[in-house]
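Please read the structure below before turning to the comments.
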Amino acid sequence: NYLLGVGRADCTGPVAEIPLMGYANPDQVGGGLLTRLYSRAFIMADLDDSRRVVFVSADIGMVSQRLRLEVLKKLKSKYGELYRQDNVILSGTHTHSGPGGYFQYTLFWITSKGLIRPSLNAIVNGIVKSIDIAHQNMKRGRLFINRGTVENSQINRSPFSYLENPASERSRYSSNTDKEIVMLKMVDGNGQELGLISWFAVHPVSMNNTNHLVNSDNMGYASYLFEQEKNKGMLPGEGSFVAAFASSNLGDVSPNTKGPFCVNTGESCDNPQSTCPVGGATMCMAMGPGNDMFDSTRIIGQNIYLKARELYEKASQEVTGPLSSAHQWVNMSDVSVELNATHTVKTCKPALGHSFAAGTIDGAGAFNFTQGSVEGNPFWDEIRDQLLGEPSNETKACHKPKPILFSTGEMTRPHPWHPDIVDVQIAAIGSLAIVAVPGEFT
């Protein structure tokens, strides 16, 4: 039904003396390599090759605007208008153990200490190379889709916040996390296996913020297991079969299934502020199912792999129909939303609240910030006002009741701190729609 191509390429980059991206912990600097990082590319085209869709899942924290624009620039120089802004989707697995430094906004430069060109180049080149390989191996093939549920592999790390949702909304779901896994299987015209894309909602943070080894975390381990099974006798990263375990609606979904405990006393800190009696919020950390973070990474990754393999073997629902794609730039600081027939509200510039600085149970922040704060701290607010300036009344009113710590949308020195304008995409492959959005959805 389609022309299909798959490809995989290394995108590891520097692994030592480089800040890692995800936890925003300045002390978390690379000190070696645990697993290599890969970009996995999948190209789907109509049989007459009139339309194409590219999906890439890379073992990185997330895709930055700069990264995406540089990839598209390289693709244009090679392929002209074949691979474009609308039909190339780039997705990060969201591992928190990959190199940082590939962003252009100041907020993301703080912990990476600016732009790190070797890191950016490695990711750009790896993504482009994976697309090159997929492009060179296009052949007639078929797509099959299957879905199921993965148990014992995730918890909601903000359960008290989730309970603030209306009961009518919560009653639509059986759990406070999305347990569904969706698997897209690819075979060629002769039935030979090409690869798969799997989407499941969980943070790749089985490796905590004390880790200093570059690695792809639980999702990368699931890819490793599947690819090693299908590419018999090959080393990791080699072989024609490509298995991507991509990110989805993973906001506030933790793999640390034992829940939060005080690391100094061992007692539970499963409370609205995620704080401990001794040491406060910095002592509260969630634990995975294993004996240590390496064991937990293995367990969670294996759970996801085993379910994906089961769905892969049983997949019988074929995906058919035309391909289409669309892209749009959206100014997220100026979007009008119609709540009902009489009320319309408008978004405003981005800002980080006091709770942001508290971090999460997967990686606590610093100082005395706590989760769920609805009041500011006069001490920190005064320091902010003196150093960065006070947030405008308009931004304060728009974000209320969230107390603003940093009004990043109004901060422009030395460069803008946060984007106002972001891009969104949708690609349809028959009855399957892939929506690419710049954020963590819950």
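Backbone N, Cα and C atoms are what each Cβ position is placed from, and that goes for glycine too.
Annotation comment: TrEMBL describes 2-442 as domain 'Neutral/alkaline non-lysosomal ceramidase N-terminal'.
Here TrEMBL flags His94, His203, Glu440 as Zn(2+) binding site. Cβ contacts within 10 Å of His94 (Zn(2+) binding site), excluding its own Cβ and spanning all protein chains shown: 23.
TrEMBL lists Ser254 with the feature active site, nucleophile. Around Ser254 (active site, nucleophile), the same-chain residues at least 6 positions away in sequence with a Cβ under 8 Å from its Cβ are Gln154, Ile155, Asn156, Arg157, Val202, His203, Val205, Ala286, Thr360, Ile361, Asp362.
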Inside 8 A of the center formed by the CB atoms of His94, His203, Glu440, which other residues of the chain have their CB, for the recorded Zn(2+) site? Pro204, Val205, Ser247, Leu250, Gly251, Val253
Whole-number mean pLDDT, the domain 'Neutral/alkaline non-lysosomal ceramidase N-terminal' (2-442), equals 96
Have a look at the binding-site residues (His203, Glu440) and report the one with the fewest Cβ neighbours inside 10 Å. Glu440
